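Taken straight from TrEMBL:
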type	residues	note
TRANSMEM	29-48	transmembrane segment
TRANSMEM	54-74	transmembrane segment
TRANSMEM	122-140	transmembrane segment
TRANSMEM	152-169	transmembrane segment
TRANSMEM	181-197	transmembrane segment
TRANSMEM	223-240	transmembrane segment
TRANSMEM	246-266	transmembrane segment
TRANSMEM	278-295	transmembrane segment
Amino acid sequence: RSFSAAELVRAAPAPLQPYLRLMRLHQPAGTWLLYLPCTWSIGLAAAPGCFPDWRMLSLFGVGAVLMRGAGCTINDMWDRDYDRQVARTASRPLAAGDISTFQSLVFLGGQLSLAFCVLLCLNYYSIILGAASLSLVITYPLMKRITYWPQLVLGLTFNWGTLLGWSAIRGSCDWSVCLPLYFAGVMWTLVYDTIYAHQDKRDDIMIGVKSTALQFREDTKQWLSGFSLVMLLSLCMAGMNCNQTFLYYSAVAAVGAHLAHQIYTLDIDKPEDCWKTFASNRTVGILLFVGIVLGNL
């Protein structure tokens, strides 16, 4: 039988299902997009000729599930009144009244506690670096009320793992590698989350929520092309600064081709096409990770 995260949630006991949906366990695309930048960094930090540290990949995988869940919980606590006014989000557990704000707060505390336990498995430098990201996780959901660039803040939040993965392996950050990799991840987030935001642009206008989709409007594809180009250049810089090989740059080229196809075929006025294109970015992250591993070997 086919298996999916959504089926796993539907098979869970009924009292547990609202909490699993609150942490978006039934929609794992966001977890992949949080996890994959961590794998890039862990892969680049591996010793030449060696595979990435499987223990760190596993730890960061668990951490990605927990922190993405915590971020979604915080987001829904801030946005429950907005979510009720948007067709796509009206069925979320808090907006629909399936669980209370207090219950979600207790659940958030549990997720953050478990995530902190994962963080404690790392070195002291990484513990401090990881804890520093919590302010971004908490404040990101507010940005859509303040600026048309909440996707930029999401990028700063979602790609923190590019710094943390390297420091977990090496004991500290090599900024000549970590900063270009981080910047590439931020540009990538601006691409995929702008596409995601086009799903809700009509509702966002009505309720007064801001996004890069509303900022760029019909110029979206030009902006996405610019972000993609900067991402590719940043990846090349990171590769050069850690002596990556031909296979790495081949993967960067494949990433560029994938992004070009996304942008060329995207219909920003069709929500279902925006979702499909957004979700396909998991392939972008996996392509780069495979290129990093092969290039390192």
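Any Cβ shown, glycine's included, is placed from N, Cα and C.
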Surrounding residues of the transmembrane segment (278-295) on its own chain - C-beta under 8 Å, 6+ positions past either end: 29, 32-33, 36-37, 39-40, 43-44, 51-52, 188, 191-193, 195-196, 235, 239, 244-252, 254-255, 258-259, 262
Stretch in 54-74, 181-197, 246-266 most in contact with the transmembrane segment (223-240), if contact is a CB pair under 8 A: 181-197
Contact set, same chain, for the transmembrane segment (246-266): CB under 8 Å, 6 or more residues outside the stretch: 191, 195, 221, 224-225, 228, 231-232, 235-236, 239, 273-274, 277, 280-281, 283-284, 287-288, 290-292, 294-296
Distal contacts, the transmembrane segment (54-74) - CB-CB under 8 A, six or more residues away: 22-25, 30-31, 34-35, 38-39, 42, 104, 107-108, 111-112, 114-115, 118-119, 121-122, 137-138, 140-141, 157, 161, 164-165, 168-169
